[in-house]
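Feature annotations, courtesy of Swiss-Prot:
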type	residues	note
TRANSMEM	24-44	transmembrane segment
TRANSMEM	86-106	transmembrane segment
TRANSMEM	117-137	transmembrane segment
TRANSMEM	146-166	transmembrane segment
TRANSMEM	183-203	transmembrane segment
TRANSMEM	205-225	transmembrane segment
TRANSMEM	227-247	transmembrane segment
Amino acid sequence: MLYNPLEQFTVNKIISLYTVYYSMSLTNSSLYFIIAAIISFFIFKYSANIPYVSLINKNNYSILTESLYKTILKMVKEQIGDKYTIYMPLIFSLFIIILVSNLVGLIPYGFSPTALFALPLGLSVTIIISVTVIGFVKYHLKYFSVLLPSGTPLGLVPLLLVVELLSYIARAFSLGIRLAANITSGHILLNIISGFLFKTSGIALLFVIIPFTLFIALTGLELIVAILQAYVWSILTCIYIKDSLILH
């Protein structure tokens with residue numbers, strides 16, 4: 001039992017390999033991310049065949065996968081427009097890998113890779129750099145007009161330029177911090193409640209029922225948060241891509 005709520009986020013080495021020139025380790029965070037990647041691979045593999053799945057052969061898994069695929073497809077179409085086919089594989093991949101990474105952390109003694117700020121921040125910075133490159137390749141220097149709204153008075157140009165630049169850079173951090181903070185806070189709360197349940201297991205039944213009910217409710221809430229955060233990440237990525245394709 002973990003008595004320190006933050007102990008669950010400790011990165012521990014499972015296997016270490018040392019050579020003369022470098023060292024390589026498999027940590028618990030890496031292991032669970034590999035598990036999430038393997039699960040995501042099978043979801044991708046099945047999703048690729050969705051248009052060819054027979055109505056007769058459908059089961060609960062196929063219905064769930066198809067629902068996820070069509071939900072993301074609809075969102076990408078609405079946000080990006082005519083060029084949605086180019087970016088649909090990227091957005092769906094991000095949605096699934098983040099969703100599965102969030103969910104594996106709900107397994108008892110599991111580890112959520114997205115609870116570590118390094119992974120979400122690395123992904124978010126990569127996304128912002130990529131959409132900036134997309135916009136720069138399409139519009140060249142004109143792309144930087146996104147930092148200066150049209151009709152801005154000349155006297156406000158320096159101030160607005162700094163504000164818009166900071167706002168643009170903040171996207172790279174807010175996207176990752178939002179995900180990591182939500183997953184981390186939920187796991188900490190669940191750990192505190194489960195620790196309280198463990199300590200009160202020998203007391204009167206009334207003192208166990210209330211925390212246990214709260215624990216079940218919070219677990220359900222965490223499940224919803226895991227799905228919503230993956231969806232929010234996907235829709236924000238679509239918005240950033242759209243902004244790089246269409247200058248306002």
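The first residue you see is number 1, and the count goes up from there.
Heads up, the Cβ atoms here are built off N, Cα and C, so glycines get one too.
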Leading contact stretch, 24-44, 86-106, 117-137, 146-166 vs the transmembrane segment (205-225) - CB distance under 8 Å: 86-106
Would you kindly check 24-44, 117-137, 146-166 and say which stretch has the most C-beta pairs under 8 angstroms to the transmembrane segment (86-106)? 24-44
Any residues 6+ beyond the ends of the transmembrane segment (117-137) with a Cβ under 8 Å from its own? 29, 33, 94, 101, 143, 146, 168, 171-177, 179-180, 237, 240-241, 243-245, 247
